[in-house]
Protein chains: 2
Amino acid sequence: MSDATKPTESPAAKAARLDTTDELAKLRDRFVLDDATVYLDGNSLGALPAGVQDRIADVVGREWGQLRIRSWTESGWWTAPERIGDRIGALTGAAPGQIVAGDSTSVNVFKAVVGAVRMAQQADPARDEVLVDATTFPTDGYIAESAARMTGCAIRAVDAADIAAAAGPRTAVALVNHVDYRTGRLHDLPGTTAAVHAAGALVVWDLCHTAGALPVGLDEHGVDLAVGCTYKYLNGGPGAPAYLYVRRDLQPRFDSPLPGWNSHRDPFAMEAAYRPADGSVRGRVGTPEILSLLALDTALDVWDGVSLDAVRAKSLALTDFFLECVAAYVPDGVVRSVTPAEHAERGSQVALRCSDAGAVMGELIARGVVGDFREPDILRFGFTPLYTRFADAERAARVLAQVLEGTR
Amino acid sequence: MSDATKPTESPAAKAARLDTTDELAKLRDRFVLDDATVYLDGNSLGALPAGVQDRIADVVGREWGQLRIRSWTESGWWTAPERIGDRIGALTGAAPGQIVAGDSTSVNVFKAVVGAVRMAQQADPARDEVLVDATTFPTDGYIAESAARMTGCAIRAVDAADIAAAAGPRTAVALVNHVDYRTGRLHDLPGTTAAVHAAGALVVWDLCHTAGALPVGLDEHGVDLAVGCTYKYLNGGPGAPAYLYVRRDLQPRFDSPLPGWNSHRDPFAMEAAYRPADGSVRGRVGTPEILSLLALDTALDVWDGVSLDAVRAKSLALTDFFLECVAAYVPDGVVRSVTPAEHAERGSQVALRCSDAGAVMGELIARGVVGDFREPDILRFGFTPLYTRFADAERAARVLAQVLEGTR
């Protein structure tokens with residue numbers, strides 16, 4: 001029996017106490033949510049920010065419907081990718097002018113890895129190895145392999161924790177996930193970045209599971225390139241555009257494999273010869289999907305006045321508390337957390353291993369607790385500090401115990 | 001003085017007569033339009049179809065806002081790219097299972113050209129040349145050059161009309177625009193395709209300026225691969241997702257340079273090894289931008305019951321009539337059409353060359369006639385048969401004459 005279940009304070013009472021003193025509690029009002037569901041899948045698709053419906057109605061009805069073509073300039077559509085990129089930069093520790101929004105994460109991984117390999121080979125043509133972490137989200141590995149194939153490199157998969165040691169004189173670039181999508185393990189971004197640099201190589205970070213969940217410090221830690229999606233903790237909507245970070249001093253050497261006209265120095269001159277733009281714009285490709293992009297723009301309003309340190313503190317408190325409730329409610333040995341107990345190694349999700357996990361998650365969802373299932377035996381629960389309450393964590397653990405009781 | 005200005009029937013009277021007998025006239029009600037503006041820029045951004053606002057409000061408010069993650073299955077989000085691709089296929093002469101929607105045109109050009117080069121080199125490794133038409137929309141040329149560079153090919157620009165003759169034993173693939181974006185010239189898709197095939201090479205067609213404007217006949221003419229955008233004559237909205245066609249018998253050999261997880265045979269198995277899906281799905285990459293994609297889905301409803309032969313007939317009648325009105329209203333020599341007079345060589349736009357074209361277009365727009373300007377001296381007027389009236393063509397020519405009178 002853990003501390004949380006002392007007679008002096010039940011998990012439910014503790015949840016109520018923690019919610020009462022939560023300085024971020026009021027931010028939940030910035031989202032469209034209901035109390036029937038405990039939504040712990042914001043690490044897959046963030047909840048709807050309250051302002052998005054009105055903004056999109058205006059974008060469709062007025063900007064497209066009435067202004068039509070004029071909106072490319074008058075409604076700021078054309079410059080939205082870099083403007084929104086800067087807003088993402090404010091949440092990931094990147095000064096303006098280094099992030100551009102657009103395309104999918106996969107497409108951005110391709111730009112980033114090819115771009116990084118070219119920079120590395122420009123300095124040393126003998127560098128012909130791309131390192132990827134062995135438990136990467138699949139698309140990063142698939143795309144890195146294509147990037148390697150198309151730049152004459154070999155790919156080598158190693159555990160993310162071993163990337164620092166694995167980087168060597170043949171390494172061109174290492175592609176690492178900041179948080180493992182299954183286990184929720186947070187990898188050492190500053191240390192790995194420094195080690196890869198010491199080996200003379202570049203590092204590309206995938207921030208899908210950290211942007212909006214904790215401070216990333218892209219500039220502070222000297223990250224070379226980074227990519228990420230915006231539909232998880234950034235709540236940008238289904239399939240919302242991803243983004244690409246290229247550190248300012250590397251931008252002049254960024255040689256994109258997808259040099260679409262949106263990245264041209266003077267796109268409307270319609271020149272036959274490609275001349276890349278300066279700055280983050282160089283990472284653009286084709287015409288951005290404006291409806292999805294501007295939904296993201298408004299979704300980012302929920303961050304006004306929010307401290308990422310406070311978000312991180314609440315994230316850790318939520319996952320700590322959820323694990324405490326699971327320990328209190330679920331008999332020993334029925335589930336096992338594969339998410340690190342150490343704060344320094346934990347993202348903003350808890351992954352529990354249990355038998356028959358697919359069926360268990362199905363039943364949880366039927367009872368209003370929405371997480372997700374990942375092969376082969378993982379229950380994933382994402383904790384979004386902007387809208388998840390401690391009471392939600394308590395209820396999720398309690399319903400989980402009931403489901404597990406029923407399935408044994 | 002042309003026939004149109006005979007005392008017996010003024011251009012305005014003829015316009016009224018043609019509108020009265022226009023069997024497509026009622027389709028204008030399927031769009032949000034006003035009579036203050038003559039919108040002749042549907043070849044850049046199509047007008048808003050009437051059903052889109054309600055659909056997107058539902059997608060945002062209910063599918064995302066209430067169902068959240070469940071919508072990937074319950075609202076059909078996951079399969080939308082291939083489902084919508086099939087709808088585009090119905091409008092371009094492709095049987096189901098060959099077109100997938102998603103990404104930008106530029107990204108799809110990259111997939112198509114690299115994929116085609118790989119097929120060509122699989123059959124004959126000596127094929128190392130990519131032909132592009134010399135007056136291509138710039139992004140096609142930029143991306144084709146990157147694709148060539150990354151597959152060990154050289155690029156050669158030749159006039160689109162000469163592609164057929166230029167294709168030879170070294171040619172891997174030819175990338176051709178079906179209609180020239182500046183002049184509005186329609187290129188010979190059946191003849192060029194046959195000639196490129198006779199040379200043992202593959203052809204990729206860019207349908208940006210023909211899909212929704214005229215019958216394309218992808219299957220009928222044996223096209224290998226094709227790409228196109230959906231925000232022009234398909235009215236999908238600003239930056240609406242583009243699409244990729246890979247002919248069915250070529251699909252097993254389609255080796256995508258962007259093998260993202262959405263194109264995996266079993267994406268949710270999250271396998272470390274890439275195994276491509278069969279069919280059009282193989283052309284997918286990352287998570288689709290759902291808001292933009294589903295706006296396109298509803299936009300395609302305007303085609304219900306519409307014959308593309310009727311669209312083509314009206315398109316030619318509109319551009320004929322506009323040229324007739326220009327001849328009637330504008331003094332000889334002030335403007336010169338660079339759009340072919342021959343129907344077989346004309347798309348659905350008219351491009352007029354005149355001095356000070358940028359200023360002229362600015363004044364036209366100020367007076368409610370919206371076309372666009374293309375460097376260095378082109379006025380572009382796009383005619384969208386679904387919503388453009390003959391009266392619009394007459395008014396546009398009349399206002400153009402007034403503007404030119406004022407600027408001389």
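Placed from the backbone N, Cα and C atoms, the Cβ positions cover glycine too.
Per TrEMBL, the features are as follows:
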BINDING   A:THR105, A:SER106, A:PHE137, A:PRO138, A:THR139, A:ASP140, A:ASP206, A:HIS209, A:TYR231, A:TRP261, A:THR287  pyridoxal 5'-phosphate binding site
MOD_RES   A:LYS232  N6-(pyridoxal phosphate)lysine
Check: Near chain B by Cβ (under 8 Å): which of the recorded positions A:THR105, A:THR139, A:ASP206, A:TYR231, A:LYS232, A:THR287?
Finding: A:THR105, A:THR139, A:TYR231, A:THR287
Checklist line | Spatial separation of the residue listed as 'N6-(pyridoxal phosphate)lysine' from A:THR139 (pyridoxal 5'-phosphate binding site) - C-alpha basis, Å | finding: 16
Margin query: I'd like the number of other C-beta atoms within 10 A of the C-beta of A:PHE137 (pyridoxal 5'-phosphate binding site), please.
Written below: 22
Notebook entry, point to check: Can you tell me how far the Cα of A:ASP206 (pyridoxal 5'-phosphate binding site) sits from the Cα of A:LYS232 (N6-(pyridoxal phosphate)lysine), in Å?
Noted result: 13
Next item on the list: May I ask you to report the DSSP-based helix, strand or coil state of A:ASP206 (pyridoxal 5'-phosphate binding site)?
Entry: strand
Checklist line | Packing count at A:THR139 (pyridoxal 5'-phosphate binding site) (other Cβ atoms within 10 Å of its Cβ) | finding: 28
Checklist line | Cα separation, A:PHE137 (pyridoxal 5'-phosphate binding site) to A:LYS232 (N6-(pyridoxal phosphate)lysine) (Å, whole number) | finding: 14
Check: What are the non-local neighbours of A:TYR231 (pyridoxal 5'-phosphate binding site), defined as same-chain residues 6+ apart in sequence with CB under 8 A from its CB?
Finding: A:LEU45, A:GLY46, A:GLY237, A:PRO238, A:GLY239, A:ALA240
Next item on the list: For the pyridoxal 5'-phosphate site as recorded (A:THR105, A:SER106, A:PHE137, A:PRO138, A:THR139, A:ASP140, A:ASP206, A:HIS209, A:TYR231, A:TRP261, A:THR287), determine the largest distance between any two Cα atoms, in Å, rounded to the nearest integer.
Entry: 30
Next item on the list: Identify, in sequence order, the residues in the chain of A:THR105 (pyridoxal 5'-phosphate binding site) that are 6 or more apart from it along the sequence and have a CB within less than 8 Å of its CB; answer 'none' if there are none.
Entry: A:THR139, A:ASP206, A:CYS208, A:VAL227, A:GLY228, A:CYS229, A:ALA242
Check: With every protein chain in view, how many other Cβ atoms are within 10 Å of the Cβ of A:THR287 (pyridoxal 5'-phosphate binding site)?
Finding: 26
Notebook entry, point to check: Across all chains shown, how many C-beta atoms besides its own are within 10 angstroms of the C-beta of A:ASP206 (pyridoxal 5'-phosphate binding site)?
Noted result: 28
Next item on the list: Specify the count of other C-beta atoms within 10 Å of the C-beta of A:LYS232 (N6-(pyridoxal phosphate)lysine).
Entry: 27
